[in-house]
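Okay, structure first, notes after.
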Amino acid sequence: MPAVITLLIPLFLMILLGYILKYFNIVHVEFWPALEKITYFVFFPALLIHQLSQPPLHDLNALPLAIVFALAVCLSAVLLLLLRRFLPISEVVFGSLFQGSIRFNSYLGVAVALSLHSTLGLLVSAVALIAMIPLINVWCVFVLARGNGKQKMTATAFGVVLLKNPLIIGCFIGISLNFLSWELPLFIKPLFHILGQATLPLGLLAVGAALQLTAIQNNSWVLLLSLILKLLLFPVLVWLLCKWLNIIEVMQDIAVMFAALPTATSAYILARQMRGDYVLMANIITAQTLLAMLTMPIIMMLLASHAN
């Protein structure tokens, strides 16, 4: 399916450009943390609010799709915890394996969804963000806290963290405006449109800048296991759940694409904050992002051939 490859290649080239810009110090090193921060807190929420406040969400029938995403995360988490008993690794190492197996790169996901399916792609992306981000954070903090008894988080503190998540806030505002049939104010709407347009290119550059190719060393079986679990088995699980709940084909394709995404670069930050194995986490993030350039087109082409 050449069209899929044609649409994906520019996105991955943007990631490569981000890596090159940082590697050769073409821009100041302090630029990248600031870019990631402003994209996360300003551009991305503006994109979500602007896009989600416009199309008719009432006909989306998002509940079955949200159930698919939530079930996929919870089933994967439970299976990983059961698998933990048979793995000869420390809790700290398992924390990185766990994050690498269920987190997803939202920047890349929204970019691909928008490129392939336009507005519908963003709507399904919003369902994925709302259904998975809170659950994934609950599971990841729980597992990392197990590996480090000193870093606990109360339910209240965790709730505050989720409520302050700019992506969750953006989805909530956009969807609320849509269902209430309210429009953004006259001068705010074009402003959010302009801000939102900056999200995809800057977000993809930030993904590339976060890659640490020098971190891929002494590749262990743990790294290989994370690649298999996240890039192969997790998409299959989502596909099976979509079939079980009779999700329509185009939404099913977007859902499986989201499941096939590499893990999020934010996993590295959380691993450092909670004293996890952040070196292994960097290995997993980089290896998955690079391999996803191959696995994502293959998975999407297989889906297309199956549909035909």
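A Cβ is built for glycine as well, from the same backbone N, Cα and C atoms used for every other residue.
Automatic prediction, not curation, is the source of TrEMBL annotations.
Quick look at what TrEMBL annotates:
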TRANSMEM  6-24  transmembrane segment
TRANSMEM  31-50  transmembrane segment
TRANSMEM  62-83  transmembrane segment
TRANSMEM  92-116  transmembrane segment
TRANSMEM  122-145  transmembrane segment
TRANSMEM  157-179  transmembrane segment
TRANSMEM  191-214  transmembrane segment
TRANSMEM  221-242  transmembrane segment
TRANSMEM  254-271  transmembrane segment
TRANSMEM  278-304  transmembrane segment
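Taking every listed stretch (6-24, 122-145, 157-179, 221-242, 278-304) in turn, the largest tally of C-beta pairs under 8 A with the transmembrane segment (31-50) is reached by 157-179.
Long-range contacts of the transmembrane segment (92-116) within the same chain: residues 4, 7-8, 11, 15, 39, 44, 47, 73, 76-77, 80, 84, 122, 124-125, 128-129, 132-133, 136, 139-140, 143-144, 146-148, 167, 199-200, 203-204, 206-207, 222, 225-226, 229-230, 234, 253-254, 257-259, 261-267, 270-271, 274-278, 280-281, 284-285, 288-289, 292, 296, each at least 6 residues beyond the stretch ends and with a Cβ under 8 Å from a Cβ of the stretch. Contact counts against the transmembrane segment (278-304), taken as Cβ pairs under 8 Å, peak for 6-24 among the stretches 6-24, 62-83, 122-145. In this chain, the transmembrane segment (6-24) lies close to the transmembrane segment (191-214): three or more C-beta pairs between them fall below 8 angstroms, excluding pairs fewer than 6 positions apart. The list of residues near the transmembrane segment (191-214) in space but at least 6 beyond its ends in sequence, with Cβ under 8 angstroms from a Cβ of it, reads 11, 14-22, 32, 35-36, 38-39, 42-44, 46-51, 105, 107-108, 110-111, 114, 184, 265, 268, 282, 285-286, 289-290.
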